[in-house]
Amino acid sequence: MKILSINEWLLSFMPAGAASITEMVLIALIYLTVFAVLGLYLVLLERKVAAWFQLRLGPNRVGYKGMFQTLADALKLVSKELTGTVKADKFLYNLAPYFVIITALMALSVFPFTENLQAFDINIGLFFLIAISSIGVIGILLGGWGSNNKFALIGAMRSGVQTISYELSVGLSLLTMVILTGSLQLSEIIEVQKNGWLIVQGHIPAMIAFMIYMISGTAETNRAPFDMVEAESELGAGYHTEYSGMKFAYFFLAEFINMFIIAAIATTVFFGGWLSPFGITESIPFMGIFWFLAKTFVLVFLMMWFRWTFPRLRVDQLLTLEWKYLLPINLVNLVLMAVIVWLNITIQF
Amino acid sequence: METATLNNTSPKSNFKSEEYFINMGPQHPATHGVLRLLLTIDGEIIKKVEPDLGYIHRSIEKMCEKDSYQQIVHLTDRMDYLSSHINNEAVCLAVENALELEVPERVQVIRTILGELTRLSSHMLWWGVMGMDVGALTTYFYGFRDREMINDIFEETCGARLTMNYNIPGGLMHDIHPNFVKRVKEFIAHFKTKLPEYDRLLTGNVIFQKRTKGVGILSKEDAINFGASGPVARASGYSCDVRKYHPYSALDKVNFKEALDTAGDSFARYTVRIREMWESLSIIEQLIDNIPEGEHKVATNAVIKLPKGDFYQKVETARGELGVYIISTGTKNPHRVKFRSPGLSNLSLLNHIAVGGKIGDLVATMATIDIVVPDIDR
């Protein structure tokens, strides 16, 4: 609705080609700004949540309740000198942060924030998300390899092993839900959920898929308890040991935006996206944004809860968990979901 | 065919993995201080661990030869700073034994209470760091919350929170604060509700148990051969608590169980320390209500001269057996002082138990050995 009208407004005074380019640039700028701020405030949220878990106050000096602390940190990172190692592979070393941050930002473009507020509604939306989030690991591998640092290399290799393994579980658990929706298009997936969120519609297999998704999603973002990649007590800082200033900030922001993406996918696929519970605010326009963000932030909080409670797994235990437990359960679950859809015993309102 | 000849001449031509070195430390989060570990690694698997010491060597033993016996006490704070009170006590006991000085019962009881508080505070810090090393950062703050109460008690008692310097040869520097008994009781009541929280947060965690059970196994024979002591040795089934076998101060008046385990793995070392915390609490509880009245020190000469001879005193610090060996020639300075620190012998077995594990195992194992680097280097 909104974007449509911008399109019409632009078309009223410029040719079609120029209008669509202007539109793209405009939307890209809006997305960049919104997600830079989002990333920064997720950092602040994490620090606050960590403080609550750890009997501390957290940042509370800069601005009201520390609201500007994260902006001060960003300013510091931007103005910091970029140092690197002499023996680094310069090209790969400099390329790596962009891989990570660009893929993170690209993934955001397909989410429907509310009805019609969606940059791209492509018909393979879910597939696009899984595909794009797999590219991020290349950045981590490049960074670890290009840094010419053993700790970074170990971290990067761990990341490769971890992400490739858990990619399977993420994909399969989402595929389980696709059986139910019959579409990969995100707007379609939400349309289906007007008869009840998918986690309710698909009941038992959906719950299992959600749990597997959250576990493997946390692993994909390289966060505790799956932060083998950084593992500060083992590897110092892992793959970004040699990065400083804004390049480090790219890795750092990407981690938080990835966390948001994982939570947003879960919201869209399992919890009805921008749909309000029982349609209570259906008549109010743009309330969808509130519901979408509310659900997403509950899941983000869940992931932060994991991080500040659980110890870290060991690298072989991580792979055991994926290949011996999650993957077989996932495959059985996929069949179970297919049977449920075939026999039509889903719960619909 | 040229490649074939190249392959034959080059030793690296066979496609196989190679071992490589990693410097863990002296600046590394897992080494808890300036300890350098030279790791030989094949992929993630540890082939060899060589600790490289000396980064914080302050020649404390040599400095002791220049100091009077009262001054030596202050140096021992800086060895195992987490057991500073017990270190002080060891030197004081050695000097008092040499002088055949009988300290008042009040002094003995207060020394034991403070010693057990020191042990508790050390174990709390260890517990926090243990969690941090396996990746659960929150434990650190829980450990420090409770440790803060003990530090406050120390501060009120002697003005210092870490390096206490409360013992002097012949007794205590000054009497306890009037609030001491009340605050210790408050602490016991508080900590009895908080210690089960430790179990709920970390001990029962599946990931934690997977990380520590069956990892870094130390057999009883090896524990004895390497000279291990303290919780590390007791987790392997080697009953070696100095408090039980050679009780000093008021420890012969209290009942407590020696925490023993037979598994010898990282988890056993963990549970032994947790049980030790309960035992320390029970020791303090038994003593705190009946601190005898009396003097807080006996008068000694301003210049203490030990009789000619060798004197040895051992105590149980939070890390194990600390021995103080003094050779005196009858002058006001010792001829030679040697500290047998628990950290050094406990660290020496790291290579033995960490080889074959992953990097993550090494970090977890090192945390359960509970090293304090200034104690190793002195």
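Using N, Cα and C of the backbone, Cβ positions are placed for all residues, glycine too.
TrEMBL does not curate its annotations; it predicts them automatically.
Record features, source TrEMBL:
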- A:21-44: transmembrane segment (TRANSMEM)
- A:95-114: transmembrane segment (TRANSMEM)
- A:126-146: transmembrane segment (TRANSMEM)
- A:166-184: transmembrane segment (TRANSMEM)
- A:196-215: transmembrane segment (TRANSMEM)
- A:248-272: transmembrane segment (TRANSMEM)
- A:284-305: transmembrane segment (TRANSMEM)
- A:325-345: transmembrane segment (TRANSMEM)
What residues elsewhere in the chain lie close to the transmembrane segment (A:126-146), defined as a C-beta under 8 angstroms and at least 6 residues from its ends?
88-101, 103-104, 106-107, 110, 152-157, 159-160, 163-164, 167, 170-171, 174, 178, 184-186, 189, 220, 222, 229, 238-240, 243, 251, 254, 258, 261, 265, 269
Does the chain bring the transmembrane segment (A:166-184) near the transmembrane segment (A:325-345), so that three or more CB pairs sit under 8 Å (pairs 6 or more apart in sequence)?
yes
Same-chain Cβ contacts of the transmembrane segment (A:248-272) under 8 Å, 6 or more residues past its ends?
35-36, 38-40, 42-43, 46, 74, 77-78, 97-98, 100-101, 103-105, 107-108, 111-112, 126, 129, 133, 136, 139-140, 143, 174, 177, 186, 189-190, 193, 197-199, 206, 209-210, 213-214, 217-218, 220-223, 239-240, 292, 295-297, 299-300, 302-303
Is the transmembrane segment (A:284-305) packed against any residues at least 6 beyond its ends, judged by a Cβ distance under 8 Å, and which are they?
42, 45-46, 49-50, 53, 111-115, 117, 214, 217-218, 221, 223, 259-260, 262-264, 266-267, 271-277
